[in-house]
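K.L.:
Quick paste from TrEMBL:
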- 12-31: transmembrane segment (TRANSMEM)
- 92, 177, 178, 179: UDP-N-acetyl-alpha-D-galactosamine binding site (BINDING)
- 177, 179: Mn(2+) binding site (BINDING)
- 270: active site, nucleophile (ACT_SITE)
(Lines of atoms letter the chains of each structure in order from A and count residues from 1; the text may use other names and numbers.)
(Lines give C-alpha, C1' and ligand atoms only; values in the text may rest on other atoms or scores of the structure.)
Protein backbone atom coordinates (compact mmCIF):
# COMPACT_ATOMS: atom_id res chain seq x y z
CA UNK A 1 0.00 0.00 0.00
CA UNK A 2 1.76 3.13 -1.06
CA UNK A 3 1.14 6.86 -1.30
CA UNK A 4 3.51 9.56 -2.57
CA UNK A 5 3.30 13.32 -2.93
CA UNK A 6 5.08 14.16 -6.18
CA UNK A 7 6.92 17.34 -5.27
CA UNK A 8 10.57 18.01 -4.46
CA UNK A 9 9.92 19.30 -0.97
CA UNK A 10 7.44 16.64 0.00
CA UNK A 11 7.92 14.17 2.80
CA UNK A 12 6.86 10.59 2.49
CA UNK A 13 5.26 8.73 5.30
CA UNK A 14 4.16 5.18 5.73
CA UNK A 15 1.57 3.44 7.82
CA UNK A 16 2.11 -0.19 8.65
CA UNK A 17 -0.01 -2.54 10.75
CA UNK A 18 -1.18 -6.01 11.38
CA UNK A 19 -4.00 -7.72 13.22
CA UNK A 20 -2.19 -7.66 16.53
CA UNK A 21 0.30 -4.89 16.03
CA UNK A 22 -0.40 -1.69 14.15
CA UNK A 23 2.67 -0.08 12.73
CA UNK A 24 2.68 3.37 11.23
CA UNK A 25 5.71 3.92 9.03
CA UNK A 26 6.43 7.57 8.58
CA UNK A 27 8.97 7.83 5.76
CA UNK A 28 10.45 10.67 3.78
CA UNK A 29 13.58 11.15 1.66
CA UNK A 30 16.83 10.61 3.55
CA UNK A 31 18.94 11.70 0.65
CA UNK A 32 17.84 13.98 -2.15
CA UNK A 33 19.57 15.93 -4.85
CA UNK A 34 17.32 18.83 -3.95
CA UNK A 35 17.60 20.83 -0.74
CA UNK A 36 14.78 19.59 1.47
CA UNK A 37 13.86 20.89 4.86
CA UNK A 38 13.02 17.74 6.84
CA UNK A 39 10.89 17.71 9.95
CA UNK A 40 10.01 14.81 12.18
CA UNK A 41 6.68 14.58 14.03
CA UNK A 42 6.78 13.31 17.58
CA UNK A 43 4.18 11.39 19.53
CA UNK A 44 5.11 13.34 22.67
CA UNK A 45 5.05 17.05 23.37
CA UNK A 46 8.39 17.40 25.12
CA UNK A 47 10.34 18.08 21.91
CA UNK A 48 12.53 15.03 22.43
CA UNK A 49 13.14 12.20 20.02
CA UNK A 50 13.64 8.47 20.36
CA UNK A 51 17.21 7.92 21.54
CA UNK A 52 19.39 5.88 19.19
CA UNK A 53 22.65 4.15 20.07
CA UNK A 54 25.63 5.52 18.21
CA UNK A 55 26.58 3.60 15.06
CA UNK A 56 24.27 0.62 15.63
CA UNK A 57 21.11 2.80 15.58
CA UNK A 58 19.23 0.47 17.88
CA UNK A 59 16.23 2.40 19.14
CA UNK A 60 15.67 2.89 22.83
CA UNK A 61 11.92 2.72 23.34
CA UNK A 62 10.84 6.22 24.26
CA UNK A 63 8.35 6.90 27.04
CA UNK A 64 6.47 10.19 27.02
CA UNK A 65 7.12 12.10 30.22
CA UNK A 66 5.03 15.25 29.94
CA UNK A 67 1.55 15.58 31.41
CA UNK A 68 0.01 16.28 28.02
CA UNK A 69 1.20 13.01 26.51
CA UNK A 70 -1.44 10.56 25.39
CA UNK A 71 -1.94 6.93 24.50
CA UNK A 72 -4.40 5.39 22.10
CA UNK A 73 -6.10 3.67 25.01
CA UNK A 74 -7.11 7.07 26.39
CA UNK A 75 -9.10 8.00 23.29
CA UNK A 76 -12.80 7.26 23.07
CA UNK A 77 -15.13 6.92 20.10
CA UNK A 78 -18.95 7.18 20.36
CA UNK A 79 -19.41 3.46 19.70
CA UNK A 80 -16.99 0.62 19.32
CA UNK A 81 -16.07 -3.01 19.59
CA UNK A 82 -15.14 -4.31 23.02
CA UNK A 83 -11.43 -4.83 23.68
CA UNK A 84 -10.70 -7.07 26.64
CA UNK A 85 -8.60 -10.03 27.77
CA UNK A 86 -7.49 -12.53 26.65
CA UNK A 87 -5.37 -10.85 24.00
CA UNK A 88 -4.01 -11.89 20.60
CA UNK A 89 -1.34 -9.25 20.25
CA UNK A 90 1.43 -10.96 22.18
CA UNK A 91 1.18 -13.79 19.66
CA UNK A 92 2.03 -11.53 16.75
CA UNK A 93 4.90 -9.58 18.27
CA UNK A 94 7.00 -12.67 17.54
CA UNK A 95 6.91 -11.66 13.87
CA UNK A 96 8.22 -8.15 14.42
CA UNK A 97 11.92 -9.00 14.47
CA UNK A 98 11.91 -10.64 11.05
CA UNK A 99 9.57 -8.02 9.61
CA UNK A 100 11.73 -5.12 10.79
CA UNK A 101 15.05 -6.73 9.85
CA UNK A 102 13.94 -7.50 6.29
CA UNK A 103 12.17 -4.15 6.02
CA UNK A 104 15.45 -2.43 6.83
CA UNK A 105 17.08 -4.37 4.00
CA UNK A 106 14.44 -3.95 1.29
CA UNK A 107 11.70 -1.46 2.21
CA UNK A 108 12.19 2.15 1.07
CA UNK A 109 15.95 1.97 1.41
CA UNK A 110 17.48 5.44 1.32
CA UNK A 111 14.39 6.92 2.98
CA UNK A 112 13.86 8.04 6.54
CA UNK A 113 11.26 5.80 8.15
CA UNK A 114 9.52 5.86 11.52
CA UNK A 115 7.65 2.74 12.59
CA UNK A 116 4.78 3.55 14.92
CA UNK A 117 4.02 0.26 16.66
CA UNK A 118 0.74 -0.17 18.47
CA UNK A 119 0.75 -3.10 20.89
CA UNK A 120 -0.48 -4.24 24.29
CA UNK A 121 2.90 -5.87 24.98
CA UNK A 122 5.65 -3.24 24.94
CA UNK A 123 8.15 -5.57 26.61
CA UNK A 124 8.00 -7.91 23.62
CA UNK A 125 9.16 -5.30 21.10
CA UNK A 126 12.52 -6.57 19.80
CA UNK A 127 15.70 -4.51 19.66
CA UNK A 128 16.47 -4.39 15.94
CA UNK A 129 19.44 -2.50 14.43
CA UNK A 130 18.02 0.32 12.31
CA UNK A 131 19.62 2.44 9.64
CA UNK A 132 20.37 6.12 10.17
CA UNK A 133 17.21 8.18 10.11
CA UNK A 134 14.99 5.15 10.79
CA UNK A 135 13.43 4.70 14.22
CA UNK A 136 10.61 3.17 16.24
CA UNK A 137 7.95 4.68 18.49
CA UNK A 138 5.78 2.34 20.54
CA UNK A 139 2.23 3.25 21.63
CA UNK A 140 0.01 1.03 23.80
CA UNK A 141 -3.43 -0.21 22.75
CA UNK A 142 -5.93 -2.39 24.62
CA UNK A 143 -5.97 -6.15 24.11
CA UNK A 144 -8.74 -7.95 22.22
CA UNK A 145 -10.51 -11.22 22.87
CA UNK A 146 -11.02 -12.19 19.20
CA UNK A 147 -8.72 -11.81 16.20
CA UNK A 148 -11.63 -10.37 14.23
CA UNK A 149 -11.80 -7.50 16.71
CA UNK A 150 -8.08 -6.85 16.33
CA UNK A 151 -8.53 -6.69 12.56
CA UNK A 152 -11.31 -4.14 12.96
CA UNK A 153 -9.29 -2.39 15.65
CA UNK A 154 -6.41 -1.54 13.36
CA UNK A 155 -8.75 0.63 11.28
CA UNK A 156 -9.95 2.29 14.48
CA UNK A 157 -6.46 3.03 15.81
CA UNK A 158 -5.30 4.20 12.39
CA UNK A 159 -8.26 6.59 12.19
CA UNK A 160 -7.72 7.98 15.67
CA UNK A 161 -3.96 8.34 15.35
CA UNK A 162 -4.05 10.10 12.00
CA UNK A 163 -6.73 12.46 13.27
CA UNK A 164 -5.14 13.05 16.67
CA UNK A 165 -1.44 13.23 15.95
CA UNK A 166 -0.03 13.12 12.46
CA UNK A 167 -2.50 14.88 10.16
CA UNK A 168 -0.26 17.94 9.85
CA UNK A 169 2.99 15.97 9.96
CA UNK A 170 2.73 13.46 7.13
CA UNK A 171 2.12 13.22 3.41
CA UNK A 172 2.24 9.49 2.79
CA UNK A 173 1.01 6.40 4.64
CA UNK A 174 1.45 2.64 4.42
CA UNK A 175 -0.69 -0.01 6.10
CA UNK A 176 0.85 -3.50 6.24
CA UNK A 177 0.67 -6.84 8.04
CA UNK A 178 3.70 -7.67 10.18
CA UNK A 179 3.50 -11.46 9.97
CA UNK A 180 5.47 -11.10 6.74
CA UNK A 181 9.03 -10.92 5.44
CA UNK A 182 10.48 -8.78 2.67
CA UNK A 183 12.49 -10.64 0.02
CA UNK A 184 13.14 -8.04 -2.67
CA UNK A 185 13.14 -4.28 -3.11
CA UNK A 186 9.88 -2.52 -2.23
CA UNK A 187 10.40 1.04 -3.37
CA UNK A 188 9.00 4.22 -4.85
CA UNK A 189 7.61 2.39 -7.87
CA UNK A 190 4.66 1.46 -5.66
CA UNK A 191 3.71 5.08 -4.93
CA UNK A 192 0.46 6.64 -6.12
CA UNK A 193 -2.44 8.62 -4.73
CA UNK A 194 -4.06 5.39 -3.56
CA UNK A 195 -2.38 2.04 -4.24
CA UNK A 196 -4.00 -1.35 -3.66
CA UNK A 197 -2.68 -4.90 -4.09
CA UNK A 198 -4.56 -7.65 -5.90
CA UNK A 199 -5.28 -10.60 -3.62
CA UNK A 200 -3.12 -13.53 -4.67
CA UNK A 201 -6.06 -15.94 -4.59
CA UNK A 202 -8.27 -14.04 -7.02
CA UNK A 203 -6.07 -12.10 -9.42
CA UNK A 204 -6.49 -14.40 -12.43
CA UNK A 205 -9.04 -16.85 -13.80
CA UNK A 206 -11.60 -15.66 -11.28
CA UNK A 207 -14.97 -14.33 -12.38
CA UNK A 208 -16.37 -11.45 -10.35
CA UNK A 209 -19.22 -13.69 -9.23
CA UNK A 210 -16.61 -15.78 -7.40
CA UNK A 211 -14.95 -12.90 -5.54
CA UNK A 212 -15.47 -13.36 -1.76
CA UNK A 213 -17.31 -10.06 -1.39
CA UNK A 214 -19.86 -9.60 1.38
CA UNK A 215 -23.13 -10.74 -0.23
CA UNK A 216 -25.58 -10.13 2.61
CA UNK A 217 -27.58 -6.94 2.04
CA UNK A 218 -27.77 -6.41 5.80
CA UNK A 219 -24.04 -5.57 5.94
CA UNK A 220 -22.61 -2.19 5.00
CA UNK A 221 -19.94 -4.09 3.06
CA UNK A 222 -22.56 -5.58 0.72
CA UNK A 223 -21.63 -5.83 -2.96
CA UNK A 224 -24.32 -7.37 -5.18
CA UNK A 225 -23.58 -10.11 -7.69
CA UNK A 226 -22.65 -8.61 -11.04
CA UNK A 227 -20.69 -5.72 -9.50
CA UNK A 228 -17.01 -5.42 -8.71
CA UNK A 229 -13.70 -5.04 -10.54
CA UNK A 230 -11.05 -6.87 -8.54
CA UNK A 231 -10.58 -8.36 -5.10
CA UNK A 232 -7.94 -6.55 -3.04
CA UNK A 233 -6.04 -7.65 0.03
CA UNK A 234 -6.25 -5.52 3.18
CA UNK A 235 -2.72 -6.49 4.21
CA UNK A 236 -0.91 -3.90 2.06
CA UNK A 237 -2.32 -0.46 1.30
CA UNK A 238 -0.82 2.93 0.62
CA UNK A 239 -1.68 6.49 -0.29
CA UNK A 240 -1.69 10.20 0.49
CA UNK A 241 -2.58 10.94 4.07
CA UNK A 242 -6.08 12.27 3.35
CA UNK A 243 -6.85 9.45 0.92
CA UNK A 244 -5.71 6.85 3.43
CA UNK A 245 -7.55 8.61 6.23
CA UNK A 246 -10.77 8.53 4.23
CA UNK A 247 -10.27 4.82 3.57
CA UNK A 248 -9.48 3.69 7.12
CA UNK A 249 -12.18 5.90 8.61
CA UNK A 250 -14.74 4.49 6.17
CA UNK A 251 -13.80 0.91 7.07
CA UNK A 252 -13.93 1.72 10.78
CA UNK A 253 -17.27 3.52 10.67
CA UNK A 254 -18.91 0.92 8.44
CA UNK A 255 -17.76 -1.93 10.69
CA UNK A 256 -19.12 -0.01 13.68
CA UNK A 257 -22.48 0.35 11.99
CA UNK A 258 -22.50 -3.37 11.22
CA UNK A 259 -21.65 -4.11 14.85
CA UNK A 260 -24.58 -1.99 16.01
CA UNK A 261 -26.79 -4.16 13.79
CA UNK A 262 -25.26 -7.39 15.12
CA UNK A 263 -23.59 -8.36 11.87
CA UNK A 264 -19.93 -8.85 10.99
CA UNK A 265 -18.71 -8.69 7.39
CA UNK A 266 -17.52 -12.03 6.03
CA UNK A 267 -13.87 -10.90 5.80
CA UNK A 268 -14.06 -8.12 8.38
CA UNK A 269 -12.25 -4.93 7.32
CA UNK A 270 -11.18 -6.47 4.00
CA UNK A 271 -14.84 -6.67 2.99
CA UNK A 272 -15.36 -2.99 3.79
CA UNK A 273 -12.11 -2.15 2.00
CA UNK A 274 -13.31 -3.82 -1.20
CA UNK A 275 -16.62 -1.99 -0.96
CA UNK A 276 -14.77 1.32 -0.61
CA UNK A 277 -12.43 0.61 -3.54
CA UNK A 278 -15.36 -0.35 -5.75
CA UNK A 279 -16.58 3.25 -5.63
CA UNK A 280 -13.25 4.97 -4.95
CA UNK A 281 -10.91 3.41 -7.50
CA UNK A 282 -7.24 3.03 -6.57
CA UNK A 283 -4.93 5.07 -8.75
CA UNK A 284 -2.43 2.22 -8.90
CA UNK A 285 -3.17 -1.51 -8.80
CA UNK A 286 -0.17 -3.57 -7.68
CA UNK A 287 0.30 -7.22 -8.58
CA UNK A 288 0.45 -9.96 -5.90
CA UNK A 289 4.25 -9.70 -5.97
CA UNK A 290 3.62 -6.95 -3.40
CA UNK A 291 2.01 -9.49 -1.09
CA UNK A 292 2.33 -13.22 -1.61
CA UNK A 293 1.98 -16.04 0.94
CA UNK A 294 4.32 -18.82 1.95
CA UNK A 295 1.30 -21.14 1.88
CA UNK A 296 1.10 -20.91 -1.92
CA UNK A 297 3.44 -21.96 -4.70
CA UNK A 298 4.75 -19.00 -6.67
CA UNK A 299 3.34 -19.21 -10.23
CA UNK A 300 5.33 -18.49 -13.37
CA UNK A 301 3.71 -15.10 -13.93
CA UNK A 302 4.96 -13.78 -10.57
CA UNK A 303 8.60 -13.06 -11.36
CA UNK A 304 9.53 -11.44 -8.05
CA UNK A 305 8.03 -11.87 -4.59
CA UNK A 306 8.75 -8.65 -2.74
CA UNK A 307 6.95 -9.48 0.48
CA UNK A 308 5.26 -12.68 1.61
CA UNK A 309 3.12 -13.69 4.57
CA UNK A 310 4.58 -16.37 6.82
CA UNK A 311 3.10 -19.74 7.66
CA UNK A 312 1.86 -19.82 11.23
CA UNK A 313 -0.07 -21.84 13.76
CA UNK A 314 -3.26 -19.79 14.06
CA UNK A 315 -4.35 -21.63 17.19
CA UNK A 316 -1.10 -20.55 18.82
CA UNK A 317 -1.14 -16.89 17.82
CA UNK A 318 -4.91 -16.35 17.92
CA UNK A 319 -6.97 -17.41 20.95
CA UNK A 320 -10.03 -18.19 18.80
CA UNK A 321 -8.13 -19.67 15.85
CA UNK A 322 -9.14 -18.63 12.35
CA UNK A 323 -7.22 -17.65 9.24
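Glycine is no exception: its Cβ is also placed from the backbone N, Cα and C atoms.
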K.L.:
I need the CA-to-CA distance for residue 270 (active site, nucleophile) versus residue 179 (UDP-N-acetyl-alpha-D-galactosamine binding site), whole Å please.
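P.N.:
About 17 Å separate the Cα atoms of these two residues.
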K.L.:
What is the one among the recorded positions 177, 178, 179, 270 whose Cβ has the most other Cβ atoms less than or equal to 10 Å away?
P.N.:
178
